[in-house]
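Engineer: Just passing along the structure, written as structure tokens.
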Ligand code: DUC
Ligand code: ZN
Ligand code: ZN
């Protein structure tokens, strides 16, 4: 009887810390041995000449998320996790979204019903809090956090989801009390509405003007404001999908002050630009997302932030709407005003190859940094580390074996999502994940899917260490004076 169910031999292994040559022994879905040479397992995979990475953890993607505006996401747990797996991921964290007036518990139950038995890889849930009533904050949220839903997203824009500053402070206070990580979508809603009305009055309604309705100042103001609210509440927060220089400068400023402030960026801010929103006809709608893609100089600024530590997490923000679909990008009809176009771009399958090729391949980031941004840090931020996000004895055997020389021209035909386009059509990348293993089971290998829906399991999350407050808070003491002090 072999000691291991599976041995991966001969590969070069990279974690967030090291790049080494070693074999991996796997038993009962977990890594049980790492050594220069291991005995054969029941099954062996020869990874000679390949790179073996921890499976990607996509900490921000949207599957089957109801919006209430008639739109419909093209990917559910079945197709979304399939696409994620082919893109080198072994964990995804989509969102159980609360509608206004809905109990959070009901939103979670409905999302479990959506996911049960359909996922190809493991998944956890973030919550979206759209209605922070006293019952939600004082009862439902603490209960859900204790059950493993330890991160949630709040919005500063979007009707039906946005919170005002007072509500944000209340949510932050609850998160602090119970040890959860808060992700923030930072854009100023009133500024967007004001600009949108003015643009529409001038007849400027093409997809290109979506970007004009959300200039960087809109993101910068909200970023600065929410950093200030987090400072007041003494809560580490994570600002998601940062698009360009101005918001990043606010993040650097906060980090320089010593605040525990984390930030995420996404492929669309490295590989798309306002030029893509200006594509002929209605085609720019394919790249409508919020915040919008900026220009080339901002792309460079985002690359710099990935290299020098301003960003801790690189996610897809996969938000899958079909282009030729009256419930997708054409929700408002052919050539409809940009305000009717559902926000988001697909990218769960292309996230890792794009960053690997443009980042590691082009010498912009180290391989260890790539692993940190795409797997280790998201696992840490959301309470899944070290079960996920690394290659270590005791961790789940979640691995992606990469052919670093494989040159791929990205086309939608190649991808496994259920969207009818990719915004990265024609982009050439070098390096592709060819074999993906989840808890010791080969999920996909050289283009073939080897597991049935249901292989993926729900992951309750721990309270994330990075969400721990600094205890350097500005609070009223004595006669209501505010001062920074330890509590
Ligand atoms: N913006 C979001 O906030 N979420 C989904 C996609 C998008 O563009
Ligand atoms: Zn968002
Ligand atoms: Zn999102």
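Heads up, the Cβ atoms here are built off N, Cα and C, so glycines get one too.
Heads up, here are the entries from TrEMBL:
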- 475-487: compositional bias 'Basic and acidic residues' (COMPBIAS)
- 51-443: domain 'Amidohydrolase-related' (DOMAIN)
- 153: N6-carboxylysine (MOD_RES)
- 455-487: region 'Disordered' (REGION)
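Describe the structural context of each listed feature in the structure shown, including burial, neighbouring residues and relevant distances.
Structural biologist: For residue 153 (N6-carboxylysine), the same-chain residues 6+ apart in sequence whose C-beta sits under 8 angstroms from its C-beta are 95, 126, 127, 128, 129, 182, 183, 184, 185, 240.
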Engineer: On average, what pLDDT score does this prediction assign to the domain 'Amidohydrolase-related' (51-443)?
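Structural biologist: It averages 98.
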Engineer: Under DSSP, is residue 153 (N6-carboxylysine) part of a helix or a strand, or is it coil?
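Structural biologist: Note: residue 153 (N6-carboxylysine) is in a strand by DSSP.
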